[in-house]
Amino acid sequence: MTETQKILVLHVGLIALLFALNFILPAYHHGNLARVMVLATYAIGYNVMLGYTGLLSLGHAMFFAAGMYGMALSIRHLGFAPAPALLVGIASGAGLALVVGLLALRTAGVAFMIVTLMFAQTVYLTILLAGRWTRGDEGFVIQQHERVLWGIDLSDPSSRYLAALTLFAICLFATLNLIRRPLGRVFVAIRENEERARLLGYNVFRAKLFSVVISGTISAAAGASYGLLFGYAGATFATVQYSIFPLLWVLLGGTGTIIGPFLGALFMFYLIDLSSGVTNAYMLIAGVALVVLVMFAPQGIAGELRRRIWSWLP
Amino acid sequence: MDFGPYLMLATLEGAVLAAVLALMASGLSLVFGVMRVVNVAHGEFYMLGAVLAWWVTSMVGGGPAVAFVAALIVVPVIVGALAAAADMTVLKRLEYDPERTIVATIGLLYILQQVTLMTYGADARPVVPPFNTRLALPWLEWSDGGLHMFWPWGLSTTTYKLFVIVAGIVILSAVWAMMRHSRIGLLMRATQLDSEMAQAFGIPVERVYALVFGIGAGLAALAGVLIVPIQQAHYLMGGDALLLSFIVVIIGGLGSLAGTIVAALLIGLSDGIISVFFSPTLAKIIATLLVAFVLVFRPQGLFGTRDR
């Protein structure tokens, strides 16, 4: 098998496996896995920036929240149908990413991290400030009859699972395609050595801006779908914690790998799920995981796989 | 109350906030200046200071004054030692790579916060101030052709709040004197200028780093001890404090102690006044946006000078 074939077999196999699980998983894990797939999509978006372009953002919750609120507010206050609402959500995430990218990319390294953190904090506070429409921390429920997309009731567990799988599969293959194209190659070149990429004549700023917009758009798509599939939008999804989560998932799964975000999200979701049965201080797990990962396994799960067995892993 | 006395009250409250903020932010700034790393767990050291102050004062008998003095001495030392230990076990192994250090300190943030939640609990608990006499403040008014002094209702402060302001000034002067005139300050400044050259001249850079990280955390803990008689100790109090000190440090210019103090005064004093005219949330939005734009358009801070 050539490398391209191996890559295809692995990723199509993963999607096929997830599709098969739809019919055999017990209800509890079935619901969990649907959630994990949407969150993994969020992490895939984050990975475009961190993993492939080498840009560490601490404010991705703003894109997730922009998607979620763009979708939910247009349903609640403008009476949109789910399909155009979803588009509004994705478009607001993309627009926000463009603005944030244009400003934040003027900085680099630590300053970039803090600027993204501050912009995300601004978005979070704005959601609280506009409590009349967003209902702030409390959030609001999207009614079941507002969640029927093209005749499919997304509150039904099985169609919800398949919708999550569709979203996940689209984003997985879109990023897989992206990194094999010239634009994706430029991202990697910037990650490896920004000066050299510039010296070779690439417009580094424009490539990084593309990376931010693509990343923000995928994150917004995940946020909008999350709101639509699980019927709730709340300011919690815009807090710092939701900016840290994708970082954690991507680090755990493996930065700069296509399946890494999914592995990381799955692993961390179940780790927190299990530990929350024991203690209410479940974020302790996240903290310990971050420290241990950054010290001993900066490559993550898929990174270790690539290093040891599958050297072709994209 | 008239506008004048009201402004004076807001200024006094703002000065208390400014003193606490200046202590905290100078710790953050010191760590960034010498080690070139951003310590995201800084707010949790502040929180630990407040929580441990509650713990020490409830353990030590002999009246609130004795207990408070004990906390003021013991707590920063404990927190500083803890931070130095974290530096030697975690940050040193990361070789102080800026981005990996931020991730590690985010992890440290959650570890400290959640361990506090597991042991201390989710309640907010007060500490009795060592002294707390209410002082009514006079105000001058021009009436009947002469200047009259009177005591407007509600215009008052407490001796403890004045003590916090004085303590802030004393501690910051001590830090400044240490950096300027002591041998250890000299070593720190040498390390800040060029750590490799410092190493070549036989300065134990790793120990200086651990010490700086400990002192930085100790300053945050001191701020926590000082604030806890005014504001109760709670395991989530680190978040807002971290954000505010980030704002102060960035506006003042990262790594510049004098700029940090000026910015702390500016933010502390304006916070109360802005919150009067706008909603507190809007005030926070303006402040965070200001920080983002300062970093984007004037990375050396409003008062800093450009690096060589």
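Glycine is no exception: its Cβ is also placed from the backbone N, Cα and C atoms.
Where the annotation comes from TrEMBL, it is an automatic prediction and has not been curated.
Per TrEMBL, the features are:
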{"type": "TRANSMEM", "residues": "B:6-33", "note": "transmembrane segment"}
{"type": "TRANSMEM", "residues": "B:45-62", "note": "transmembrane segment"}
{"type": "TRANSMEM", "residues": "B:68-90", "note": "transmembrane segment"}
{"type": "TRANSMEM", "residues": "B:102-122", "note": "transmembrane segment"}
{"type": "TRANSMEM", "residues": "B:159-179", "note": "transmembrane segment"}
{"type": "TRANSMEM", "residues": "B:208-230", "note": "transmembrane segment"}
{"type": "TRANSMEM", "residues": "B:242-269", "note": "transmembrane segment"}
{"type": "TRANSMEM", "residues": "B:276-297", "note": "transmembrane segment"}
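In this chain, the transmembrane segment (B:68-90) lies close to the transmembrane segment (B:208-230): three or more C-beta pairs between them fall below 8 angstroms, excluding pairs fewer than 6 positions apart. Counting C-beta pairs under 8 angstroms (sequence separation of 6 or more), the transmembrane segment (B:242-269) fails to reach the transmembrane segment (B:102-122), with fewer than 3 such pairs. The stretch with the most CB contacts under 8 Å to the transmembrane segment (B:102-122), chosen from B:45-62, B:159-179, B:276-297, is B:45-62. Count of Cβ pairs under 8 Å against the transmembrane segment (B:6-33): among B:45-62, B:159-179, B:208-230, B:276-297, the largest is for B:208-230. The stretch in closest packing with the transmembrane segment (B:208-230), judged by the count of Cβ pairs under 8 Å and taken from B:45-62, B:159-179, B:276-297, is B:45-62. Taking Cβ pairs closer than 8 Å, the transmembrane segment (B:45-62) reaches residues 24, 27, 68, 70-72, 74-76, 78-79, 82-83, 112-113, 116, 120, 125-128, 216-217, 220-225, 227-228, 231, 233-238, 241-242 in its own chain, all 6 or more past its ends.
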